[in-house]
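Written out below as C-alpha cells is the structure these notes cover.
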Amino acid sequence: MAGESRKWMILVATIWIQAFTGTNFDFSAYSSTMKSVLGISQVQLNYLAVASDLGKAFGWSSGLASKCLPLWVVMFISAFMGLFGYGLQWLVIRNVVALPYFVVFLLCLLSGCSICWFNTVCFVLCNRNFPSNRPLAISLTVSFNGVSAALYALAATAIDSSSSTPLYLLLNSLIPLITSLFALVPILRQPLLSPLPVDAVRRDSLIFLLLNLIAIVTGLYLLLLPSSTSSTNSRLLFSGALFLLILPLFIPGIIYARNWFRRAIHSHIQRSSGFLLVDVEDLELHKELISRETSSLRLGNAGDAGVTGGGIILNRVKTGEGILLGRDSIVMLGEEHDIGMLLRRLDFWLYFLAYFCGGTIGLVYSNSLGQIAQSLAHGPEMSTLITLYSSFSFFGRLLSAAPDFMRVKVYFARTGWLAIALIPTPIAFFMLAASGTARALRAGTALIGLSSGFIFAAAVSVTSELFGPNSVGVNHNILITNIPIGSLVYGLLASLIYDANAAPSGMMTESVVCMGRQCYFLTFVGWGCISTVGLASSVLLFLRTRPAYDRYEKNRSSTQQY
C-alpha cells in the first residue's frame, strides 16, 4: 500500500514540474523589452524565439542522459540550465550586464533545451510508474504545462503589479529549481514495479477521473481570474492556485480508503458509465491483436498485401465508400518502425505536415503575441492574452484524453480527433485578419491555444499508435524537429512583414515598433492558408489510417466478448 501511495506522489510531482516549467510560453511577455534593451530588429528578435524552440532539436540528449544518469540528476541539470539561461537574460534586461546578441541567442537555446530535459523526466516517471495507464498519466501531466504562463503572470503581478516584465525571467530561472527540490523526495522514493491486480487497475481509473476534475477546476480558476488586480489580491489568488496544485496530494488518502471507494463509488461507475480507460488487460489484448493482425495480413491476405525486403507492408486500402487511398498506408496499429521505415512512410509525412502547419504555427503565434498586441494597441492586455492562451492550451491538452474516456460510446480514430482539433486554427487566423478589435484578438488567441494544446498532447499517443510504442521516443523526437523549422520559417515571414511596415524605406539600423493592423494582416492571411494545408493533410491522414483503427477496434471488441 505504501508503494501505491508513492506512485501517486510521483504523479503529483510531475504535475508540479510541468506546471512550472512551461517557460517557453512566457517569451511574448518580455520579448518587447528584450528587443528594446538589445536594440534589435523584429527579424533578430524572431531568431531569439527560434533559439528557444531550437532546444527541442536537442531533446534526444535528455533521453541519452536518462539512460546513463539517475533521473534526479537529469532533473537538476534541467533546473540549472534554466537558472543559467534565464538568469543571465534577466541581468541583461535589468542592464546589470551587457552581452552581445550571439551570447543571448545561446542563452535562449540553453533555456529551451532545459524544457525538453524536464519533459523527458516527466515522461520517464509516467512510463515507469503507470505502465497500465500510461496515456492518461502523460496526458494529465502534460496538460499542466499549459498553465505555466497563467501561473507566472499571476506570480509576477503578486510580487510587483506596476512592472512585472523583468520578473518573468527571474521567476523562470528560480521557480523550476525550487520545484525540483520539492519533487526530489518522491523521485528518490519510487516504488518497486509489480503487476497490478484487476481491482487496483479499476481503482486507478477512478483516481484519474478525480485528478482530471481537479485539473478542470484549476484551469477554470486561472481562466476566470480578474485581468488586472492589485498585488494584495494577486497574492491571494496565487495562493488559491497553489492550493489547487497541492490538492492532488490527498490522493494517497484515497488509496488508503480503497475499500470504501470500491464498494460505494467505483462499482456504480462501472455499471453506469461509458468510460473505458486503458488497463493491463487492454495492453495485453493490444499485443495479441497486433500479433494476430500480423499473421492475418502476411499469411491470410497474401493476395492483397505484400512484404518488402525492408519489412514495410504494402497494402491497397479502400475506405467504406470504395475510394482507393493508395499504397503503403498503415494497415495495423502498433507496428514498430525504425528510422528508415518511418521516413519512407507517406503517412508519416502527412502527419509531419499536419503538425508543422497546425501545432507549430500556434506556438509561433504565442511567441509573437507581445508584438501582435502592441501593434494593435492592446499592449495593456498582454497579461490577459498570455493567461488566455495558456488556459485554453491547458484545456486543449486535457481534451486530448477524450478518445480514451469516450472509447465505448463514441469510438473515433485518434487521427480523426487530430483533424477536428486543427479546425479552429485557420478560423482564428482569418478572423484576426478580418478584425483587429480586442474581442477578436481574445477569441483568436483562445481558439489557437485550444487547438495547439490538443495537438501537442495527443501527438505522443498518435506517434505510438501509428509507428510503434517501443520506438516512440526516437520517432517522436524526429517529428518535433518541425518545431524549430516552423519557428524559423513562420517567424521570419512575420518579422519581414513587420519590419517592412515599420520602416517602408528599408533603412533600419535600430529597434523600431510597427503600429497598425497592416503589421500582421498579411501574416495572418498567410498563416491561415498554411494552417488550412495542415488541416487538409490531417484529413487525408485520417482517411488513410481509419481502416487500421476500425480493424483494431473490431478485433478488440470481438475478443472481449469471449
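Placement of Cβ uses the backbone N, Cα and C atoms for every residue, glycine included.
Taken from TrEMBL, the feature domain 'Nodulin-like' applies to 7-252.
With a cut-off of 8 Å between Cβ atoms, the residues of this chain six or more beyond the transmembrane segment (71-93) that come close are 17, 21, 23, 30, 33-34, 37-38, 62, 65, 99, 104, 107-111, 113-115, 117-118, 120-121, 124-125, 165-166, 169-170, 172-174, 176-177, 179-180, 183-184, 187-188. Among the features that TrEMBL reports, transmembrane segment is placed at 71-93 (among others).
Within the chain carrying the transmembrane segment (99-124), a Cβ under 8 angstroms from the stretch's Cβ atoms is held by residues 14, 17-18, 21-24, 34, 38, 40, 44, 47-49, 51-56, 58-59, 61-63, 65-66, 71, 74-75, 77-79, 81-82, 84-86, 88-89, 92, 138, 141-142, 145, 172, 176, 460, all 6 or more beyond its ends. Residues annotated as transmembrane segment in TrEMBL: 99-124 (among others).
Counting residues 6+ beyond its ends, the transmembrane segment (136-155) has Cβ neighbours under 8 Å at 11, 14-15, 17-23, 25-26, 29, 119, 122-123, 126, 129-130, 164, 167-168, 171-172, 175, 208, 211-212, 215, 218-219, 222-223, 225, 234, 237-238, 241, 277-278, 383, 386-387, 389-398, 400-401, 404, 449, 453, 456-457, 460-461 in the same chain. Residues or ranges marked as transmembrane segment in TrEMBL: 136-155 (among others).
Annotated transmembrane segment per TrEMBL: 167-185 (among others), in sequence order.
Look at TrEMBL and you will find 206-224 (among others) tagged as transmembrane segment.
Look at TrEMBL and you will find 236-257 (among others) tagged as transmembrane segment.
The feature domain 'NFD4 C-terminal' is assigned by TrEMBL to 335-547.
Within its own chain, the transmembrane segment (348-370) has Cβ neighbours under 8 Å at 24-25, 27-32, 46, 49, 52-53, 337, 342, 382, 385-386, 389, 418-419, 421-422, 425, 445, 448-449, 451-452, 455-456, 459, 462-463, 466-467, 479-480, 482-483, 485-487, 490-491, 494, 520, 527, 530-531, 533-535, 537-538, 540-541, 544, counting only residues six or more beyond its boundaries. Taken from TrEMBL, the feature transmembrane segment applies to 348-370 (among others).
Through the fold, the transmembrane segment (382-399) approaches residues 22, 25-26, 28-29, 139-140, 142-150, 153-154, 157, 164, 212, 215-216, 219, 222-223, 225, 227-228, 366, 369-370, 373-374, 421, 441-442, 445-457 of its own chain, all at least 6 residues removed from its boundaries and within a Cβ separation under 8 Å. Sequence annotations record features per position, and here TrEMBL assigns transmembrane segment to 382-399 (among others).
If one looks beyond the transmembrane segment (411-434) by at least 6 residues along the same chain, the residues whose Cβ comes under 8 Å of a Cβ in the stretch are 354, 358, 361-362, 396, 399-400, 402-403, 440-441, 443-445, 447-448, 450-452, 454-455, 458, 461-462, 465-466, 520-521, 524-525, 527-529, 531-532, 534-535, 538-539, 541-542, 545-546, 549-550, 553. Annotation comment: TrEMBL describes 411-434 (among others) as transmembrane segment.
Marked as transmembrane segment by TrEMBL: 446-467 (among others).
Annotation comment: TrEMBL describes 479-500 (among others) as transmembrane segment.
Counting only same-chain residues 6+ beyond the ends of the transmembrane segment (520-543), those with a CB under 8 A from a CB of the stretch are 319, 323, 325, 347, 350-351, 353-358, 361, 365, 368, 372, 375-376, 413, 415-416, 418-419, 422-423, 425-426, 429-430, 432-433, 490, 493-494, 497-498. Look at TrEMBL and you will find 520-543 (among others) tagged as transmembrane segment.
Within its own chain, the transmembrane segment (479-500) has Cβ neighbours under 8 Å at 41-43, 45-47, 49-50, 53-54, 56-57, 59, 348, 351-352, 355-356, 360-361, 363-364, 367-368, 371, 375, 459, 463, 506, 508, 512, 514, 519-520, 522-523, 526-527, 530, counting only residues six or more beyond its boundaries.
Residues 13-14, 16-17, 20-21, 23, 26, 29-30, 72, 75-76, 78-80, 82-87, 89-90, 93, 111, 114, 118, 152, 155-156, 159-160 of the same chain lie 6 or more positions beyond the ends of the transmembrane segment (167-185) yet place their CB under 8 Å from a CB of it.
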